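Okay, handing you the structure first.
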């Protein structure tokens with residue numbers, strides 16, 4: 001669609017709205033006051049551009065003042081949902097009496113006014129604090145446009161109730177016009193009678209029948225005698241010329257009202273046109289939401305059924321366990337009672353006139369010796385056993401049932417900790433804190449409602465792998481905001497996601513976050529404070545994983561040579577571990593304020609000679625990337641120096657001359673934004689070094705390098721700056737004892 005067609009369409013929309021042809025139904029939600037939940041009555045525009053009924057603003061201010069009085073008195077109060085439905089409190093009644101009696105005369109109060117001294121309240125629409133200042137409500141504009149729309153809506157809602165003429169004698173006729181100057185409604189005859197041709201009244205502004213009369217000219221609330229004729233673009237509100245000349249808008253950017261009218265009307269028209277053009281999309285999204293509503297209802301019902309099944313199963317298990325335990329207790333009790341009762345019977349026989357003792361006494365009466373011996377032998381054995389049992393008395397059964405005592409304290413705690421208040425919110429993976437190399441440190445932000453008993457479940461998978469390797473791998477039972485994933489492949493892309501588990505409930509997954517692993521295994525090292533280290537200008541921390549360049553007194557003394565054409569040299573520092581084979585990767589970040597930092601690799605075969613016999617640094621061509629354009633001389637120089645470096649400084653990364661990126665000779669191709677993390681990969685066998693954006697693993701620059709000896713990570717600093725090695729690169733520092741070993 002062409003611009004002319006667009007403007008024609010915009011004009012058509014504006015014309016339809018102006019003429020009232022756009023249906024006014026279904027806009028009730030835009031006409032409801034957010035406080036009283038009723039149609040707006042004399043709406044006022046707040047500084048945040050939301051509208052509130054005049055009466056509601058006053059009630060909000062009274063509520064705030066009541067809260068301050070209640071707080072001072074040490075009482076407690078709570079804000080109700082609607083000011084119009086609140087019950088008057090003693091403090092409010094006391095405030096009303098003070099207002100009616102005129103006893104309140106402090107600054108900010110007017111006698112006979114209900115505007116309190118407290119003039120700050122939260123906007124019900126956006127919750128921003130609104131400060132009305134000393135003028136209070138009087139500084140707010142009435143929203144006449146909204147008032148007119150509400151009135152038209154009222155008329156549409158009660159179309160059967162006509163507006164009658166205010167001038168007719170009975171029988172009163174239906175009004176056909178309303179005069180905005182006279183603030184009255186007229187039928188055709190009365191309008192001709194009271195607005196005759198040729199008189200000043202014939203020039204009055206008239207509209208269709210209405211009961212909403214507003215002033216013809218909007219007046220400034222701060223300068224009541226001045227008309228509003230400009231628009232403040234900073235405060236986004238109409239102002240008068242006095243506001244601009246010496247008022248609160250003196251230093252603000254203002255425009256003419258006609259220009260603001262044209263711009264805002266065009267913007268609104270374009271926005272309306274965009275919404276109308278997207279009506280099919282909105283309907284499609286509404287359909288999708290309705291499908292989601294149905295799915296939510298179905299899934300909620302399914303969740304209820306599953307919850308009932310789970311608890312019913314738990315109840316069944318508990319009932320089974322309960323029945324088993326009660327049966328075991330009953331059987332044990334029966335056996336013990338039988339034994340104890342048998343023991344009672346046995347001991348009962350030991351009494352004199354019963355049982356064993358009585359029988360023995362009768363046997364003693366036997367006089368026949370042979371018969372006595374025959375009977376007494378067995379009886380004597382029984383009596384001996386009874387005698388021994390008296391000496392070592394032991395109950396036949398233990399009356400205690402301690403073996404059936406259950407310790408269910410853990411189960412009780414677990415049941416009490418079970419929370420069914422809703423599914424927890426998912427964690428959010430923190431890309432800035434996470435690091436992925438051969439191992440991955442994945443960090444996330446826990447939801448606000450998390451508790452120490454929550455568990456996180458991390459899942460990750462490799463992109464572009466076969467079906468088996470491409471499956472989600474799970475790391476369960478993670479407590480806290482991070483975990484380490486091991487055995488990641490080099491030069492790969494991994495996706496990570498995490499969710500929270502609270503008892504048996506899982507949150508949804510966090511958005512997937514992808515990380516690139518380095519092109520080679522991680523090379524671990526610390527800074528070397530022995531070889532060529534300059535302690536006067538470089539500060540190394542105790543862990544030897546961070547180095548700072550400081551502009552101290554030696555730097556200032558060296559800078560005096562600038563007057564005679566000399567230049568200050570770089571201070572170099574290398575890693576404490578060398579590379580003699582394979583592919584290796586390391587990463588670091590350079591402080592954004594750094595003036596100049598060189599990063600790359602260095603050869604040990606030339607390092608000793610370099611540090612003992614440093615090259616002439618009195619020329620800008622001290623380094624091959626200094627800006628000098630003599631190709632042949634640079635080539636000779638590069639062959640003699642041990643470093644292969646790129647330059648980082650002042651928030652930029654500079655690609656050396658002669659690279660592919662700068663082949664076109666365009667200076668802009670050589671200057672890149674400094675990555676937050678810089679990675680270096682050395683392929684010793686191939687004799688190449690690569691420089692990467694450590695976050696995206698995008699190769700920024702590569703070049704050939706002579707790997708005839710042992711290669712070391714190398715850094716050069718000049719001026720203020722700093723280099724910090726990544727934690728995974730400096731893993732060996734955990735064993736560092738502070739003695740330089």
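Every residue, even glycine, has its Cβ placed from backbone N, Cα and C.
Feature table excerpt (TrEMBL):
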{"type": "COILED", "residues": "279-306", "note": "coiled coil"}
{"type": "COMPBIAS", "residues": "78-91", "note": "compositional bias 'Low complexity'"}
{"type": "DOMAIN", "residues": "33-77", "note": "domain 'RING-type'"}
{"type": "DOMAIN", "residues": "215-257", "note": "domain 'B box-type'"}
{"type": "DOMAIN", "residues": "364-421", "note": "domain 'COS'"}
{"type": "DOMAIN", "residues": "423-520", "note": "domain 'Fibronectin type-III'"}
{"type": "DOMAIN", "residues": "505-734", "note": "domain 'B30.2/SPRY'"}
{"type": "REGION", "residues": "71-91", "note": "region 'Disordered'"}
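What's the neighbourhood like for these features in this structure?
Panel annotation: around the coiled coil (279-306), no residue of the same chain lying at least six beyond its termini places a Cβ under 8 Å from a Cβ of the stretch (none).
Sequence-remote contacts of a segment are chain residues at least 6 beyond its ends whose Cβ falls under 8 Å from one of its Cβ atoms, and for the domain 'B box-type' (215-257) they are 45, 47, 49, 135, 138-141, 144, 180-181, 205, 263.
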Average the pLDDT scores across the domain 'Fibronectin type-III' (423-520) and report the rounded value.
84
Write out how many residues of the domain 'B box-type' (215-257) are helix, how many strand and how many coil, based on DSSP.
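Across the domain 'B box-type' (215-257), the residues distribute as 7 helix, 11 strand, 25 coil.
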